[in-house]
């Protein structure tokens, strides 16, 4: 049976594992270092099989050997962002976690595609790529799928349309410098830039940029996990099924948009093995300047890694 492993059984990891097993295209292994947590959550999820009708199995474990032969490994492990904590402050702790996770995952699944969710995700995706030694196409991070989902929600509310009518385009860092591309964000096929004023577009963009922090402020003791897990599940499905679907993801760039040796959110075509193609949009001068500025923010984080 094909297998997908989820590393980390916190809110994002466990909800993702649930979403994946309900899609019923592969067995799911949920791994965590805390004994009992992945086992208990997996058992709970498995007891919904007769209700929902999925046939594949979900297993919880503390042993990386259980992940052997995974086609895709999703890395959610890391500490959650707390109120007032920046993504950069997560870096030192999550770098140590990522180093251990990548080593163990590839020991048992050397052919796996890595999907990185841990924050700060652009930098963690870069770190996973460097640690793994894998081709850049086999390492991808959560970015614009989530940010775009947030944007689509606010655009839909503003214009009174269904969120599914919005095709968002959010590029750059998954963080404060992310860039909403209004010309390439479509609402029923029409550019957002033609439907709202520049001021309104900026207002919607700021709401999307602050979407994660807004949730953290409400929750007090945690961060978002429903929309993030849904976003990652969509990415995993596109990779596993080889759909060729275009999504905005954190990808290793090698000349695209004039950038090299960096991970940044850009449109990519996902399929078997990870990224099949990086889509280069015809950005105008202002759009490109904003993307380059966002890249500079990520470069600062990457430079602080201990490699």
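Using the three backbone atoms N, Cα and C, a Cβ is placed for every residue, glycine included.
Per Swiss-Prot, the features are:
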- 8, 9, 10, 11, 12, 13, 32, 94, 117, 118, 119: NAD(+) binding site (BINDING)
- 81, 87, 119, 150: substrate binding site (BINDING)
- 174: active site, proton acceptor (ACT_SITE)
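Residue 8 (NAD(+) binding site) sits 20 Å from residue 174 (active site, proton acceptor), taking the Cα positions as reference.
Between residue 12 (NAD(+) binding site) and residue 150 (substrate binding site), the C-alpha separation comes to 16 Å. Binding residues for NAD(+) (8, 9, 10, 11, 12, 13, 32, 94, 117, 118, 119) extend across at most 17 Å, taking the greatest CA-CA distance. In the three-state DSSP reading, residue 12 (NAD(+) binding site) counts as helix. If you measure from the Cα atom of residue 117 (NAD(+) binding site) to that of residue 174 (active site, proton acceptor), you get 11 Å. Mapped onto three states, the DSSP output places residue 32 (NAD(+) binding site) in coil. On the backbone, the CA of residue 10 (NAD(+) binding site) and the CA of the residue listed as 'active site, proton acceptor' stand 20 Å apart. Put simply, residue 119 (NAD(+) binding site) is 17 Å from residue 150 (substrate binding site) when counted between their Cα atoms.
The separation of the residue listed as 'active site, proton acceptor' from residue 32 (NAD(+) binding site), Cα to Cα, is 25 Å.
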